[in-house]
Structures are given as C-alpha cells and as structure tokens.
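Taken from TrEMBL as is:
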TRANSMEM  50-75  transmembrane segment
TRANSMEM  96-114  transmembrane segment
DOMAIN    116-231  domain 'VTT'
TRANSMEM  134-154  transmembrane segment
TRANSMEM  175-196  transmembrane segment
TRANSMEM  208-230  transmembrane segment
TRANSMEM  251-272  transmembrane segment
Amino acid sequence: MTTKAPSGWAASSSQLIKLILKTVLHRYRNLHVYGKGPGFYMAFDAVLPMLRYLLVMWVSIRLIIRCPGAFVVVVSPSRIAQFLYDQASRLSHMRLGWLILTGAIVGVSFPPLIGHSTLLTLCGFAFGMKGFAIGAGGSLVGSTLVFVLLRLCFSSRLRKWSSHNEKWQALESVVRAKGLPLIILIRVSPFPPWVYSNSLFASIEAVSLWQFVIATCFIFPKILLLVVIGSRMAALSDGDSRSHMDTHTKVMNGLLIGGGIIVAIFTSWLVYTLVQNHIRQLEDIPPEVDRMAAEALEEYDEEAPLLHSSEADDQV
C-alpha cells in the first residue's frame, strides 16, 4: 500500500514551518555557550508569534483563493471583516509595524510589482489617520529610489532606445519645453499607473530628480483620500466599534467610503482627460509633436524603455 503524497497546501505549510524552525536554529547556534540554555527559549518565544501569525494568514488566503464563494457564505462577511480588522490591529501594535508597511510600499514602487493603492488603504485601515505619514513617506522614498536606480543603471539603454523612437523624442521635447507644471500634471494622472509612472519619469532625461520629487508630493491628496477610506472601513469592520454606533453614524461612514471611491474614480478620469487635452493643444509646439507625445504616454507600459531589452538595443 502506497502512502499518499501530501497535497499542495500541506506541502507548502510544511515548508513554511521548516523555514521558520531553521531561523530559530540559526539564532540558537550563533549564541555563546553560556547563553544557549535560556537563549533557546528566548529565540523560540520571539519567533512563535510570527509562526502563528503567518500560518493563520496563509491558510486564510488559501481558503479565499480556492473557494471564495463558499468561504464568504460559511464564515460570513462580518466575521471576515472582524478577522481583517484584528490582523490590522496586530500590525499597528507591533513595534516595527509601521516600518514593515513602509517597506512594503517601497517594494511595490518597483516595476512590475502592483498593490500601491491597496497598501495605502491598509495604512488607514491599520493606523487610522496616522497612516497618512506612513503612506506618504513610503511613497516618496520608494519612488525616489526607483528613479535614481533606473536612471543610474540604465542610462545607456535609454539613449539607445529613445534614439529609435520618434514618439518618445516628442514626449521628451514637450517635457523639456514646458518643465515642472507639465511634469506635475503627468504625475497626478492615473495613467500610467504608479509603478510604471516611476519608471516613466526615470526614462525621460529632461526630468531632474528635484522636479520628480516635487511632482510626487502632489499625489499626497490622493494618498490622504485612500487613508481616509481605509480608516472608515476599519471603523465599520470592528464588531465592538460597530455595536456602539447608531444607524446615522453607520450610514455616514458608508457614505464616506462610497463617496471617497467615487471621488477618486472621477478625479482620476478628469485629470487624465485634462492631461491628454493639454498635451495635444500646447502652444509653441508643432501639432504633430503634440500628438506623438500624447500617444507616447498612452502607449507607455512595462516594456518601455528601461525595463525591456528592445530591438533598438540590438541594432546599435
């Protein structure tokens, strides 16, 4: 009789446990001989909460992915909301919880990672309005790192790529002619998205670091809006807080969340439309250059120009 191999989720969970136990063993071996007795228990006590937290989060995510409909029906939306609130509360009470969230925001600023808006909402969900400082600081640091690293590491590729792309040359000439005001308009536009917007400005040689940093500060109102939405969602997710709310307060919180989402969508569409119209109707710029510059923004994605080895690189 053959032994049945463990399923995928069981194998993954065992690998996770082995990884954390190896961490404990590594810390134990590095201790002095006199500290290995009590040191073992100190190391185990330090890692045990992390082990429990990771296992609970991992199993929950696997259940949601494999059977989302059944998970919601069985567990109920209120219990799911309470669970998410409890985990966010744990994060906010960790000594370095704010640093973990800041590091995650910095990480998703590098293409092709995604999730910037979700993490900003989590800042408000876990830390309330104090999460604005975390979201704004992490976004500014992360985008600046992306700009500097891509500009330093791929400057030669950029020159080769742009020399064979007329639309990109048109965009660079328009940005060089109009300067900071146009850079700010493009920065607050929802397209390209946050992570590719960082690489976009790193790809435009006419944009200096100080201009990029100033333009990035103009997205702080959007960050504040997402933090507010997250904080209101947290207020409605906690069963204890919700039980002390009257109907009027619950309705107001719901309206704030819904209204904030509508405002975010509308302003994103409005800003994008204004940016496209502005570029296409710039004075002192030939209409053909305006058109190609606008098309360069519309067509920009992860393949251009610093993140993809283009055919132009092979030809030069």
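Heads up, residue numbers simply count up from 1 along the chain you see.
Every residue gets a Cβ built from N, Cα and C, even glycine.
Unlike curated records, TrEMBL annotations are generated automatically.
Each residue in the domain 'VTT' (116-231) gets a DSSP state, and the totals come to 99 helix, 0 strand, 17 coil. Summarising model confidence by region, the domain 'VTT' (116-231) averages a pLDDT of 87.
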